[in-house]
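Below is one structure, written out as structure tokens, with a few remarks after it.
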Amino acid sequence: MNLKQEVESRKTFAIISHPDAGKTTLTEKLLYFSGAIREAGTVKGKKTGKFATSDWMKVEQERGISVTSSVMQFDYDDYKINILDTPGHEDFSEDTYRTLMAVDSAVMVIDCAKGIEPQTLKLFKVCKMRGIPIFTFINKLDRVGKEPFELLDEIEETLNIETYPMNWPIGMGQSFFGIIDRKSKTIEPFRDEENILHLNDDFELEEDHAITNDSAFEQAIEELMLVEEAGEAFDNDALLSGDLTPVFFGSALANFGVQNFLNAYVDFAPMPNARQTKEEVEVSPFDDSFSGFIFKIQANMDPKHRDRIAFMRVVSGAFERGMDVTLQRTNKKQKITRSTSFMADDKETVNHAVAGDIIGLYDTGNYQIGDTLVGGKQTYSFQDLPQFTPEIFMKVSAKNVMKQKHFHKGIEQLVQEGAIQYYKTLHTNQIILGAVGQLQFEVFEHRMKNEYNVDVVMEPVGRKIARWIENEDQITDKMNTSRSILVKDRYDDLVFLFENEFATRWFEEKFPEIKLYSLL
């Protein structure tokens, strides 16, 4: 297989949803149908001691939520699929955002009873901004929920995107019989003891079956006829531009409708895309020269070894283990001899990868999120990955002063993962951490104790707003007021932490010569 054929066989996507919509369960079932795992786990089964394959961190297993982005690769038919199961909790939107920079499409999971929820909307907007094609899986049809037309209308009106139902449900909850596949005109029954049924071109059953007397079946056929009479053909170009989403109905927990979705996904999802550089050069996935970028760093994937993995998306060319690459930020060459693929916390050495693949590089502190690696004589760098402005700030210290070495190592590694941000006061060197949401601090405290054996003391600093400074040379000590704290971030850039919006406006009016700015 040549490079072009290899690249065309790659499909790389992230799954996005509001917490508890069934995102991690869908991930499990996709792995199950691909043969990548023999038994699909479930995040609900905590009493059994079985946890979802993609929820590998101890705190995730205890809470039943995803707080990191898991990366898994599996083969299906003639395709190699890279799937990223993203954090569903809103406090981890920063990690999710970076993950969405590394994929070519997204799968949006919606709970049929709840419809579009806040986190779904937030992540959808990120996909829309990037023009990422979105597939929709409406989940939990075996429970009572909103009617199909109501759900489609909600998607179209709330998200401003066209919908195209690929299948249609018969009933819901206790009366859920199955789904009608529009393309094959077949009925896939929900219960295993039922056989697949066939419809003719007029949507009449070709076999005798008691379902013909069922009101749910009659209603489903009437609704489907209305959809068909609308006459809109599936527009693949609209999908690829992010203007249309194909919609699938099913129940991930019951293994139903998942394979139907997976078969359609590999048919319609895009292959790896070209990427823009800072130099405004478009790098094609078919370019012979290797390139990639780091979008995530994860410490302690193996707690026994205190390792750290940098997740790299291959953009072009072929990666070969042992090859020499240049880290563009430092302009230093390095030989990559330790590279790995993932099934959550299970790792396997990677000798070869092409555009679209996600591989892990063992990191001794060389990499930062957003780093570009290139082979040959290439000199470009990919565009920076976005960073969020924190909204909660805490002073942090070790409870036991004898644990300072472990404390600082833990801080350094967890900050480099990008889930929490680091600041230091100018004169006292007091460490202040910033986060998008409170859960990040809870996870930070949990991981410091479990992974670094350090109990930490955290104290709110009474500041809610961070503003960076364009003209640092004009900052003086008199600008450090009772309503603000002047700190340095991990890159030694000056940052003001303000008490509230009023304090920020007061500062801007009193010192108009100082140009402040925020991140995302």
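Heads up, the Cβ atoms here are built off N, Cα and C, so glycines get one too.
Some features that Swiss-Prot has for this protein:
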BINDING   17-24, 85-89, 139-142  GTP binding site
DOMAIN    8-277  domain 'tr-type G'
For LEU141 (GTP binding site), nearby residues of its own chain (Cβ under 8 Å, 6 or more apart in sequence): CYS112, PRO169, MET172, PHE176, ILE179, PHE249, GLY250, SER251, PHE256, GLY257
Neighbour count (Cβ, 10 Å) for SER17 (GTP binding site): 25
Number of Cβ atoms other than its own within 10 Å, given for LYS23 (GTP binding site): 28
Which of ASP20, THR86, the listed binding-site residues, has fewest other Cβ atoms within 10 Å: ASP20
